[in-house]
Amino acid sequence: MELGVSSQLWLWLLLLLLPPVPGREKESGSKWKVFIDQINRALENYEPCSSPNCSCYHGVIEEDLTPFRGGISRKMMAEVVRRKLGTHYQIIKNRLYRESDCMFPSRCSGVEHFILEVIGRLPDMEMVINVRDYPQVPKWMEPAIPIFSFSKTLEYHDIMYPAWTFWEGGPAVWPIYPMGLGRWDLFREDLVRSAAQWPWKKKNSTAYFRGSRTSPERDPLILLSRKNPKLVDAEYTKNQAWKSMKDTLGKPAAKDVHLVDHCKYKYLFNFRGVAASFRFKHLFLCGSLVFHVGDEWLEFFYPQLKPWVHYIPVKTDLSNVQELLQFVKANDDVAQEIAERGSQFILNHLKMDDITCYWENLLTEYSKFLSYNVTRRKGYDQIVPKILKIEL
């Protein structure tokens, strides 16, 4: 016997009111709702930088210089120089001068390259540039003193500058990078070529990490890899401080792997080292999805990279890492979109011109707070440009 129209309507209403059968919900709508909602909120609140130059980062310069708006006196600068917290530089009549001491000559050389690129447009000034890994001006220090450092946490007043590694002086990795990481312009080209060879659909879906044990925060991922190698391929390599297998958690050190070969993998992990990790910017250019562990350590460009928009944020203790990996595997299109946004940001807003631009803007703004005329110190040598290297 056929049902009447009214009976059919009641039947449909009854079906709509019944609870769903367990296990039949769409994963993106239920199991992964928390992550999907976080991504949607992040995108709603995100304002892309459309500027063609480094003005995307101007807010970082303003914030870093805020403690010194009362002025930097000759007496304050003399005290900063005396304390040997960094290398003392002077710019006078568009020439660069430096004290003879530099703890890491290749790092100083990387810094000097960028200053010399823009020195013709800079006013007279002097500054102390820290080329150690660690920042020097904790916020409890009174008064705050002007020290330039490449990386810091929110607990420091150091003024961030683009690291020397954009040109030279990065950590040496034998045998693949014996001269150290550098030449960001050339690295960009190599990574873009590798990314083209490994489009998203061809990439290995095992999460990947290779690096030395510069921080024990990396340990949980290494241990997870040993437990579940299909989910994560993570191993420790040697560094200059390596003494025994204790430094690689009881296993032989793995071979170092070129950054371009990381592009074979969909999911790449970034950890802090002693301070911020130099690999971070490189990983994005693989077109892979970056898993960024912790949010404490910063470089000047980090604030413009947003969690869930450009990368996947991971808790410092990695307690949520397995769930996050399961999420991206179950939501491949979402993962690819985040990877593409991260890659495009670095391609568009972290070019070599942006680095040079940031140096010029930073030093120009900083010079406005010096309340005295700079005079050249005796015994300081003039720094002149070096011959350009054209390949890695």
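Our numbering is plain: 1 for the first residue shown, then up by one each step along the chain.
The backbone N, Cα and C atoms fix where each Cβ goes, and this holds for glycine too.
Long-range neighbours of ASP133 (active site, proton donor/acceptor) (same chain, six or more residues apart, CB within less than 8 Å of its CB): SER151, GLY273, VAL274, ALA275. Taken residue by residue with DSSP, ASP133 (active site, proton donor/acceptor) is part of neither helix nor strand, so it is coil. Summarising the annotation, Swiss-Prot assigns active site, proton donor/acceptor to ASP133.
Marked as UDP-alpha-D-glucose binding site by Swiss-Prot: TYR177, SER212, ARG218, VAL274, ALA275, ALA276, SER277, PHE278, ARG279. The DSSP secondary structure for TYR177 (UDP-alpha-D-glucose binding site) is strand. Within the same chain, residues at least six positions away from TYR177 (UDP-alpha-D-glucose binding site) with a Cβ under 8 Å of its Cβ are GLY170, PRO171.
Positions annotated as disulfide bond by Swiss-Prot: CYS49-CYS56 (among others). Taken residue by residue with DSSP, CYS56 (disulfide bond) is part of a helix. The Cβ neighbour count for CYS56 (disulfide bond), using a 10 Å radius and every protein chain shown, is 21.
According to Swiss-Prot, the disulfide bond annotation covers CYS54-CYS357 (among others), on the basis of similarity to another entry. DSSP assigns CYS357 (disulfide bond) to a helix.
Sequence-distant neighbours of CYS108 (disulfide bond) (same chain, six or more apart, CB under 8 Å from its CB) are THR87, ARG98, CYS102, ILE129, VAL131, TRP164, GLY169, listed in sequence order. Summarising the annotation, Swiss-Prot assigns disulfide bond to CYS102-CYS108 (among others) and lists similarity to another entry as the type of evidence.
For the recorded site, CYS286 (disulfide bond), the DSSP three-state label reads coil. Sequence annotations record features per position, and here Swiss-Prot assigns disulfide bond to CYS263-CYS286 (among others).
If you look up Swiss-Prot, you'll see ASN53 (among others) marked as N-linked glycosylation site.
There are 13 other Cβ atoms within 10 Å of the Cβ belonging to ASN204 (N-linked glycosylation site). In three-state terms derived from DSSP, ASN204 (N-linked glycosylation site) belongs to an extended strand segment. Summarising the annotation, Swiss-Prot assigns N-linked glycosylation site to ASN204 (among others) and lists sequence analysis as the type of evidence.
Annotation source Swiss-Prot lists N-linked glycosylation site at ASN373 (among others), citing sequence analysis. DSSP assigns ASN373 (N-linked glycosylation site) to coil in the three-state reduction, outside any helix or strand.
The motif 'Prevents secretion from ER' annotation in Swiss-Prot covers 389-392.
Under the heading signal peptide, Swiss-Prot lists 1-23, citing sequence analysis as support.
The distance from the Cα of CYS56 (disulfide bond) to the Cα of ARG279 (UDP-alpha-D-glucose binding site) comes to 21 Å. Under 8 Å, Cβ to Cβ, and six or more positions away along its own chain, ASN53 (N-linked glycosylation site) finds ASP353, ASP354, CYS357. With a cut-off of 8 Å between CB atoms and residues at least 6 apart in sequence, the same chain places GLY211, LEU259, ASN270 near ARG279 (UDP-alpha-D-glucose binding site), listed in sequence order. Annotated pair SER277 (UDP-alpha-D-glucose binding site) and CYS286 (disulfide bond), C-alpha to C-alpha distance, rounded: 16 Å. Taking the motif 'Prevents secretion from ER' (389-392) as a whole, pLDDT averages 59 in the prediction. Considering only the residues assigned to UDP-alpha-D-glucose binding, TYR177, SER212, ARG218, VAL274, ALA275, ALA276, SER277, PHE278, ARG279, the longest pairwise Cα distance works out to 22 Å. In this structure, ASN373 is the one among the recorded positions SER277, ASN373 with the smallest number of other Cβ atoms inside 10 Å of its Cβ.
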